[in-house]
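According to TrEMBL, the protein has these features:
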DOMAIN    B:6-279  domain 'YjeF C-terminal'
TRANSMEM  B:29-50  transmembrane segment
BINDING   B:ALA41, B:GLY102, B:HIS153, B:ASP220  (6S)-NADPHX binding site
BINDING   B:LYS189, B:LYS190, B:PRO191, B:GLY192, B:THR193, B:GLY219  AMP binding site
Number of protein chains: 4
Amino acid sequence: MKQLVDKKILNEVIEERSKDSHKGNYGRLLLIGGTYPYGGAIIMAALAAVHSGAGLVTVATDRDNIPALHSHLPEAMAFDVKDKDRLKEQLAKVDIILLGPGLAEDDLGLELLETVLGQVKEQQILILDGGAISLFSKVTLPLPQAQTIFTPHQKEWERLGGLALAEQLDTANQEAVDRFAPGTIVVQKKPGTTLYQSGVVDCYQISAGGPYQATGGMGDTLAGMIAGFAGQFSKTSLFKRVLAATYLHSAIADELSQKAYVVLPTDISRKIPSAMKKVTEE
Amino acid sequence: MKQLVDKKILNEVIEERSKDSHKGNYGRLLLIGGTYPYGGAIIMAALAAVHSGAGLVTVATDRDNIPALHSHLPEAMAFDVKDKDRLKEQLAKVDIILLGPGLAEDDLGLELLETVLGQVKEQQILILDGGAISLFSKVTLPLPQAQTIFTPHQKEWERLGGLALAEQLDTANQEAVDRFAPGTIVVQKKPGTTLYQSGVVDCYQISAGGPYQATGGMGDTLAGMIAGFAGQFSKTSLFKRVLAATYLHSAIADELSQKAYVVLPTDISRKIPSAMKKVTEE
Amino acid sequence: MKQLVDKKILNEVIEERSKDSHKGNYGRLLLIGGTYPYGGAIIMAALAAVHSGAGLVTVATDRDNIPALHSHLPEAMAFDVKDKDRLKEQLAKVDIILLGPGLAEDDLGLELLETVLGQVKEQQILILDGGAISLFSKVTLPLPQAQTIFTPHQKEWERLGGLALAEQLDTANQEAVDRFAPGTIVVQKKPGTTLYQSGVVDCYQISAGGPYQATGGMGDTLAGMIAGFAGQFSKTSLFKRVLAATYLHSAIADELSQKAYVVLPTDISRKIPSAMKKVTEE
Amino acid sequence: MKQLVDKKILNEVIEERSKDSHKGNYGRLLLIGGTYPYGGAIIMAALAAVHSGAGLVTVATDRDNIPALHSHLPEAMAFDVKDKDRLKEQLAKVDIILLGPGLAEDDLGLELLETVLGQVKEQQILILDGGAISLFSKVTLPLPQAQTIFTPHQKEWERLGGLALAEQLDTANQEAVDRFAPGTIVVQKKPGTTLYQSGVVDCYQISAGGPYQATGGMGDTLAGMIAGFAGQFSKTSLFKRVLAATYLHSAIADELSQKAYVVLPTDISRKIPSAMKKVTEE
């Protein structure tokens with residue numbers, strides 16, 4: 001059955017921080033993407049993750065892309081995505097891996113996907129987005145040994161789920177999701193974004209958002225928020241955290257759209273800290 | 001006859017977005033320019049296009065210019081303008097092509113103009129601005145196979161229209177415009193910017209704007225807004241969309257000039273989403 | 001006799017713009033400087049010039065410095081300061097030349113100074129600041145064939161005027177200034193900045209400013225404002241325009257200091273358009 | 001005995017500036033760090049130092065990192081950290097040296113530490129942070145010939161003080177601090193950050209701050225503020241200046257947290273000038 005997700009999910013998930021906590025308690029994130037010519041995408045994902053409260057964010061991207069990233073966000077560490085030793089070292093250390101915003105579907109992209117899938121471990125959370133989904137759909141690769149979240153838009157879901165656009169109905173979608181390892185989460189992005197989890201009967205539709213979000217980079221920002229939330233709020237299930245991030249992303253867009261015909265992804269990121277604060281005051 | 005364009009044009013053109021729409025509905029744009037030493041121009045055009053609501057904006061510019069572009073606008077994709085294969089691929093895919101903001105009048109500029117004119121198709125919209133107009137006026141090239149918009153300032157119009165400054169009166173201007181393919185639009189930028197369309201009797205003067213706009217980059221921002229509007233609002237004619245973009249550009253400047261002696265082009269871009277929103281609320 | 005400069009100078013100089021004007025009426029400026037390791041200085045000068053209403057601003061700086069410049073100010077054109085042909089071409093074209101903010105005192109700096117002095121013409125306005133003053137004081141060079149403005153701080157004035165700090169009293173200062181060509185302007189920067197003109201009896205002290213301005217980059221911003229004002233307001237004398245720019249620079253700092261312990265140079269630049277607007281409303 | 005530090009420390013330290021002062025009165029600072037892949041850290045430290053009122057800030061960092069630094073802060077000079085001659089020249093000139101924000105623990109990092117320790121003089125203030133502390137703990141190096149401040153987080157203090165986390169109690173901490181030269185200051189960063197000085201009985205705990213600060217870059221910002229305060233307010237002791245900077249850093253975070261779930265380090269920096277101004281008005 002389809003459930004509607006409304007603002008109650010935010011109160012369930014977003015909690016006041018404990019006084020004795022430190023940045024290690026809020027997730028170590030590794031964001032991989034932004035390869036030529038898509039550098040901006042990983043910048044938007046990183047902006048979203050940091051503003052969502054992530055403890056430590058490291059970005060692996062084209063070396064040429066690092067100055068632009070740091071011009072937005074000196075808060076993130078950043079290294080050359082071709083620096084294999086460092087990539088492996090980081091993959092071993094972090095709690096959350098987001099692969100795909102602005103990942104070109106080329107040899108480097110495939111190599112990165114293989115490296116990540118080969119090294120990721122059960123207790124880590126892996127988010128596959130954008131180019132990583134397309135590449136994953138094209139080649140035969142083992143399912144990741146991690147709690148996995150896919151964030152496809154409709155075209156990417158066609159390939160990943162093996163369902164033509166017209167067939168993307170809830171029952172068929174759920175069946176496709178159930179072919180992944182139990183617990184795998186799929187965020188199907190569309191007007192009325194819907195979330196599925198492998199092995200769970202209900203799916204969840206976000207009751208927020210609108211056409212003012214129809215602009216490039218919106219999905220990269222969502223992926224960054226999901227990564228940010230995944231590294232926090234461990235008292236609630238991963239699925240609820242993803243629901244909360246996805247709802248909040250559109251809820252902020254709704255609010256901004258009161259005064260803007262189109263809502264830019266980076267505008268959403270800047271609003272995350274105040275929107276989260278409001279939740280804790282209710 | 002000369003018609004005055006006032007704020008009614010905004011209500012005619014800017015419409016509420018359909019709930020089921022996605023970014024593909026709001027135009028795929030390719031912006032080409034910003035070659036050395038004019039990198040900033042294409043950044044301003046891209047800022048204007050994205051803030052106008054364009055669905056997907058891709059920029060072809062000097063590779064060295066990409067970090068600065070992304071520091072303003074991670075929302076845009078960007079590739080090296082010398083990357084010919086990618087340029088051809090993008091030219092084949094997009095709905096709107098804007099060539100010229102910050103295009104140096106050198107061999108590369110000419111090659112780019114020839115590539116675009118050689119590949120552009122009837123159903124695409126081509127906007128020629130700045131350096132592209134100067135180059136087009138200098139060499140003998142076939143008229144583009146596309147719905148074409150020229151955005152010359154007075155000096156550029158001298159060369160393009162073959163009319164000395166003193167001769168640039170409405171009748172002579174209209175005659176010069178009529179030599180282009182029917183439907184071709186000319187935005188003649190000056191104090192009292194006037195728009196002409198080949199084969200149409202009336203011309204249209206913008207009843208907004210002022211000398212606070214007399215600063216470098218103003219035209220690049222206008223070109224980006226025209227590109228942004230050209231990719232949306234398909235219920236109204238292309239000419240009306242161009243009128244609306246041109247009017248809005250100056251109307252925002254008028255509003256900002258209430259509190260500023262000089263209005264910066266990038267300040268205009270930041271105001272576009274709220275200005276468009278106000279139109280839909282009237 | 002020393003005159004005090006107060007806000008009346010702003011009303012004398014800043015005038016409403018004529019409706020038929022275009023960017024060519026507000027000055028073509030060439031700003032040269034920002035060589036390693038002082039890249040930021042020319043960025044601050046350019047920000048100040050554009051916000052002061054300059055029509056067209058072109059910057060010659062280290063090629064590596066262009067992305068940072070454009071990240072602040074896509075409104076400025078920018079080229080490699082080592083690109084000699086382009087430098088000569090620009091020097092021939094512009095109305096105002098500002099040489100010196102962030103100009104390293106090395107061989108390149110000296111070569112640039114020699115090029116500028118060799119090419120500058122009588123009807124152009126030349127502003128020598130920072131490194132250009134130090135270099136000019138060190139070597140024997142012909143006085144420039146242009147309306148010249150020097151903007152030394154106390155140490156630079158020691159070398160340029162040949163006056164030890166303790167000797168820098170008004171009479172001695174005036175005598176030193178009188179050794180330059182008639183009309184040459186010296187802006188001696190200090191607490192109580194004072195302006196002198198060769199051949200003029202009175203000197204003018206700015207009755208604004210304070211110690212919240214004691215931070216790096218303040219002088220670069222002032223130099224940019226002087227360049228911006230020099231290209232406008234041709235109904236008043238150049239000396240008055242320089243007085244107005246210098247007064248406004250400190251007056252904005254005073255206003256910002258109501259809410260800030262220290263005033264950043266870039267904060268001043270952002271306030272220029274609104275401060276100038278207020279003057280025209282009085 | 002442990003003393004609580006509250007807002008009274010700000011009134012003790014932050015004083016109105018003298019009218020006749022200039023930027024040389026507010027400290028010449030050299031900030032060294034931000035080596036690959038940690039470029040953002042030194043940007044955050046520099047932002048904090050300049051907003052704290054530092055007179056002149058020079059940054060030694062990776063050459064690739066300079067454009068991003070200047071995109072935030074043209075007010076800072078910046079040179080290639082590998083440029084040894086310039087480094088030595090700067091080390092000889094400045095009042096305050098901050099080494100460590102974003103300093104990679106590699107051969108270059110060690111070389112920089114050795115250069116600094118070998119050249120620093122008694123009358124200079126040296127702040128060792130981040131990577132500089134880790135490197136200092138690993139190798140056997142002479143204690144610096146300068147007034148020294150260490151700013152370790154708990155892990156770094158483990159190594160520097162030779163105290164396992166469970167042993168980091170006030171008495172043991174004080175004993176470890178007393179092994180450094182008299183007057184050496186240790187800022188032990190943790191929830192309830194505490195400051196010790198070698199040879200002083202009391203330690204001082206900051207009564208401000210919270211878990212909204214648990215995000216990457218917070219410590220780099222603190223280090224920059226300490227450097228900024230160290231170069232000013234010479235009427236009060238260095239220890240009090242460090243207390244004031246550390247208290248203010250957390251007090252601003254507290255204020256921002258009224259409207260934000262997480263407080264970004266760069267947001268703190270932007271608030272420093274207004275927060276300091278308020279202190280002088282009380």
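Placement of Cβ uses the backbone N, Cα and C atoms for every residue, glycine included.
Remember, TrEMBL labels are computer predictions, not curated facts.
Feature map: TrEMBL annotations on the structure.
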| residue | record | DSSP (3 states) |
| --- | --- | --- |
| B:ALA41 | (6S)-NADPHX binding site | helix |
| B:GLY102 | (6S)-NADPHX binding site | coil |
| B:HIS153 | (6S)-NADPHX binding site | strand |
| B:LYS189 | AMP binding site | strand |
| B:GLY219 | AMP binding site | helix |
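Those same-chain residues not listed among B:ALA41, B:GLY102, B:HIS153, B:ASP220 yet with C-beta within 8 angstroms of the centroid of the (6S)-NADPHX site C-beta atoms are B:GLY33, B:TYR38, B:MET44, B:ALA45, B:GLY100, B:PRO101, B:ASP129, B:GLY130, B:GLY131, B:GLY216, B:GLY217, B:GLY219, B:ALA223. Most Cβ neighbours within 10 Å among the binding-site residues B:GLY102, B:PRO191, B:GLY192, B:GLY219: this distinction goes to B:GLY102. Most other Cβ atoms within 10 A: among the binding-site residues B:HIS153, B:LYS189, B:LYS190, that distinction falls to B:LYS189. If you measure from the Cα atom of B:ALA41 ((6S)-NADPHX binding site) to that of B:PRO191 (AMP binding site), you get 21 Å. Of all the binding-site residues listed here (B:GLY102, B:HIS153, B:ASP220), B:HIS153 has the Cα closest to the Cα of B:LYS189 (AMP binding site). Listed binding-site residues (B:ALA41, B:LYS189, B:PRO191, B:THR193) with a CB under 8 Å from any chain C CB: B:ALA41, B:PRO191. For the (6S)-NADPHX site, whose binding residues are given in the record as B:ALA41, B:GLY102, B:HIS153, B:ASP220, the maximum C-alpha distance rounds to 15 Å. Excluding B:LYS189, B:LYS190, B:PRO191, B:GLY192, B:THR193, B:GLY219, which define the AMP site, the same chain contributes B:HIS153, B:GLN154, B:GLN188, B:THR194, B:ILE206, B:GLY209 within 8 Å (Cβ to the Cβ centroid), listed in sequence order. Within the same chain, residues at least six positions away from B:ASP220 ((6S)-NADPHX binding site) with a Cβ under 8 Å of its Cβ are B:GLY40, B:ALA41, B:ILE42, B:MET44, B:ALA45, B:ALA48, B:PRO101, B:GLY102, B:ASP129, B:GLY130, B:PRO265.
Sorted by the number of other CB atoms within 10 A, the binding-site residues B:ALA41, B:THR193 start with B:THR193, the lowest. For the pair B:GLY219 (AMP binding site) and B:HIS153 ((6S)-NADPHX binding site), the C-alpha distance works out to 8 angstrom. Checking each of the binding-site residues B:LYS190, B:PRO191, B:GLY192, B:THR193 against B:HIS153 ((6S)-NADPHX binding site) by C-alpha distance, the shortest gap belongs to B:LYS190. If you average pLDDT over the domain 'YjeF C-terminal' (B:6-279) in this model, you get 96.
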